[in-house]
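Shown next, in structure tokens, is the structure this report addresses.
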Amino acid sequence: MDGFVQEWSNLPRSDNGLHMDQLVGELPTDGGFEPQTRARSNTWPCPRPENFVEPVDELDSTKASNQQLADPQQAMQNANAAKKNSSRRNAWGNLSYADLITHAIGSATDKRLTLSQIYEWMVQNVAYFKDKGDSNSSAGWKNSIRHNLSLHSRFMRVQNEGTGKSSWWMLNPDAKPGKSVRRRAASMETSRYEKRRGRAKKRVEALRQAGAVGLNDATPSPSSSVSEGLDHFPESPLHSGGFQLSPDFRQRASSNASSCGRLSPIRALDLEPDWGYSVDYQNTTMTQAQAQALDQLTGSMADELKLQNDMLQQQGFSAASGLPTQPPPPYQQQQQQQQQQAQQQSQLPQGYTLNGPVSAPGYNTLQPQAQQQQQQQQQQQQQQQQPQCLLHRSLNCGCLHSTRDGLSPNSVTTTMSPAYPNSEPSSDSLNTYSNSILLDAASDNGSLLVQQQQQQQQQQQQQQQQQQQLSSGLEGQCLEALNSEQIDEFNLENFQGGLECNVEELLQQEMIYDGLLDINIPLPAVNTNATNVILTNNSTNNSSSGCNISAGVQLSCSQLQAELQLQQQQQQQQQQQQQQQQQQQQQQQQLLLSNNNNNNNNSLELATQTATRVQYTQPSVVTSPPSWVH
């Protein structure tokens, strides 16, 4: 340890740091240990002089690139040498982990080794791993061996026959020779995948170009993308409907407010004209084909529109119940009605459009006439219908004769007697409703608005009157139906002699049902005539009907309940007493049985004793008196 007393010499520093050769030369060697230039855990190979490449200046590289080699064979040899020298080398040599494992398995007699045996072979046969067999320094290379065993296809794992032992590792005879194939999934970004994706792109572009050329020959229009989309989606309802899109239809994606690529079913009309010109609304009239197409597109919009009451009642609908009061007219009548409406529309002035009405003479006179015709048709239909009884469901009912004068036919037919409750409105009638309502809603004439307001007020008043008449008529009808001759069978006055019942039996039955046991109530002997209850209907006083009950048997509800509770308590006590008595009887029986058993056992013992007893008898000895006795 005396070497450490020496002072360190000041070594010259360079730009690259300290020179290791000078540092090693200055270290003292008498301390008993060799100087180590790097740690033992560093397993990277030492730099070799043949692999060292000197840096080439830019001028030298440019000069060498300008010169041509005289001998091409020499160039090939130099390239091969460079390849050999540039190959990856490990600290133990040129062999990789997979090659070492292959040698280890091949050197075994059975051509198979466990993982621990492979570790032992590495430590024994490879000089680099001799001092790295302990657990601290073997973590890295053992992990590499396990990784190579599971990674390469040349090794196969075989289950060990013994329980609790590690598996065998063997060489795979089916593995390809040469460089081992890695068991790693290939990437999706391969050349084959790129070719396939390129073909799909070309097909899509060809379809788009063909659709654009077929539909737009020379000039592109805003509907080119629409037609292209229809070609890609042949199941679209726009194909089968025969609906042709006008150039005014545009995609919503072209607007700044939306990015959806759907079609807008709204015409691109300039609702807000620019300041430079005025819009001619007369040129924007719609043809009949376009109107039908719009009806087809709207579809279920007719259900959401507020249909007028008079037009609903014309086809058999009622505003009060919401159900059709009569079946829809046959197809021929519907065609006739549609033709009449078309004629009425044709009589309108030509300047009328959906966007706005144009004042013309004669239009105000047509509307009241049409309304009068509709009202006449409604009255005729209501007169044809007949009221129906609610109780008997028959037209020729006797209970309706008295109320038929007080009730109007409108109130009976619109709400009470649905002749065909399961019928539904047809789609053609709804379409005609929607067309007529659109025409009525578009009219802005002042006189029409005044008339409509008056009609609505009148209709509301009529509805209120009808509802009042219905409520009063229904009450009268029900009362008269109850008091009619057809249900006189249920009149209590017709029962002669009254209704008789025995109160004692009734009370006993009720108590039996409540208490679930037969209870005999000690009641005094009462004449049956006095205990009979006679129920008669007092004709003079219709508001109340009484029952004459004898005074001796009148009991209030509270008294009955109290008596029932007492009886139930008595029953419970009796049941408990009975149970106690039964238990006592059982105990007595058990005692008797035990006593009988004891007696039987004693008698058996006595019998056996008498049977086995031996009777000993003394022999009778006759002694004669002595001779000297006389």
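Cβ atoms are placed via backbone N, Cα and C, with glycine included.
Feature annotation from Swiss-Prot assigns DNA-binding region to 92-198; the stated evidence is sequence analysis. Here the DNA-binding region (92-198) returns a mean pLDDT of 80 for the predicted model.
Annotation source Swiss-Prot lists compositional bias 'Polar residues' at 218-227 (among others).
Residues annotated as compositional bias 'Low complexity' in Swiss-Prot: 332-350 (among others).
Marked as compositional bias 'Low complexity' by Swiss-Prot: 367-379 (among others).
The compositional bias 'Polar residues' annotation in Swiss-Prot covers 408-417 (among others).
Residues or ranges marked as compositional bias 'Polar residues' in Swiss-Prot: 423-432 (among others).
Cβ neighbours of THR43 (phosphothreonine) (same chain, under 8 Å, six or more residues apart in sequence): ALA91, TYR128, GLY140, TRP141. The phosphothreonine annotation in Swiss-Prot covers THR43.
Among the features that Swiss-Prot reports, phosphoserine is placed at SER187 (among others), with the record citing similarity to another entry.
Residues annotated as phosphoserine in Swiss-Prot, with similarity to another entry given as evidence: SER255 (among others).
Marked as phosphoserine by Swiss-Prot on the basis of similarity to another entry: SER258 (among others).
Taken from Swiss-Prot, the feature phosphoserine covers SER259 (among others), and the record attributes it to similarity to another entry.
The phosphoserine annotation in Swiss-Prot covers SER264 (among others).
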Where THR43 (phosphothreonine) sits in the secondary structure, as DSSP reduces it to three classes: coil
